[in-house]
Amino acid sequence: MCTVCGCGGHSVEDQFKAHLKSQGKDGAHKPAPFAVLAEPQGPHSHSHSHWHTHADGTSHAHPHAHSHSHAAGHGAEADSDHPHAHGHDHGHSHGACAHDIHLGHGPAGTEVPGMSQARLIEIETDILSKNNQYAARNRAALAKNCTFATNLVSSPGSGKTTLLVKTIEMLGAQPLAVIEGDQQTTNDADRIRATGAPAIQVNTGKGCHLDGAMVEQALAHLPLPAGALLFIENVGNLVCPAAFDLGEDAKVAILSVTEGEDKPLKYPDMFAAAGLAILNKVDLAPYCDVDLDLYEANIRRVNPQIEVLRVSARTGDGMGAWIDWLRAGLARKAR
């Protein structure tokens, strides 16, 4: 997560209020303004672990924390104004910069000017503890309803929404609902609603991820029959969402074959937190000069226990295994 992520107040679109407002007295449809429930939030912080991979291939994790305010956006980038020590030798070349900058070696996993590592860890503990309270309430409510919830996380453009649309089509009469997270617009929620499935859009504004409180608010306005599947499509971001429990049963990390085989090593936190990785757009592999086996190997370097599925949401290849995984998860919740 960035040192100053600029998370702002979020809004949850209530599709039913929006629908009612879209109709005039004569019953004719008119363009509907967004009906939103706004919840401005005060100062807070985020945290999670960061992985660091050395040139010799060894990897290890660091905790990470930072604080910021929800009251306003931030326009400045974080920078470091102090020297940084390294415990290993560097070669020197006069033709190029010989020293990389690593800000994650301290106990807190990051550096913020004017703030000690101890204070960063204190903030980390506080914000995650509060989020976990919301997540626990969500988890209890979903368990009571025998709902299997997945938190879909990825970079922007990995194909999450296309995968969801295909999934909904293949599930047929299976009860389900979707929470869509984006900074702005209802584009993805509109695509989901076009399939006939209920969906709520959560616009996070300056926020770079969903959190437990946002999901709790969305659930209050989403019809969710007993025994349903719940899909939470998080904001496109491979860093920040890794730290935040939403009350889901599993995080599902989605990776497009166009993103590069080393993506799991460069952004390991999410793959370490996920129970399933979906390697999407495999139909493009022959045109991208990529090694699918290397993708899987790098994912498992970060998380040896993770399950990996190769899927093309466009052609349907591999989708059967994904549907089976969802139904197995739902069956476990019903026991």
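Placement of Cβ uses the backbone N, Cα and C atoms for every residue, glycine included.
Summarising the annotation, Swiss-Prot assigns Ni(2+) 1 binding site to CYS2, CYS5, CYS7.
DSSP assigns CYS240 (Ni(2+) 2 binding site) to a helical segment in the three-state reduction. What Swiss-Prot records for CYS208, HIS209, CYS240 is Ni(2+) 2 binding site.
The local packing around CYS208 (Ni(2+) 2 binding site), expressed as other Cβ atoms within 10 Å of its Cβ over all shown chains, amounts to 19. Summarising the annotation, Swiss-Prot assigns Zn(2+) binding site to CYS208, HIS209, CYS240.
The compositional bias 'Basic residues' annotation in Swiss-Prot covers 61-71.
Look at Swiss-Prot and you will find 76-103 tagged as compositional bias 'Basic and acidic residues'.
What Swiss-Prot lists as region 'Disordered' is 36-112.
According to Swiss-Prot, the region 'G-domain' annotation covers 149-309, on the basis of similarity to another entry.
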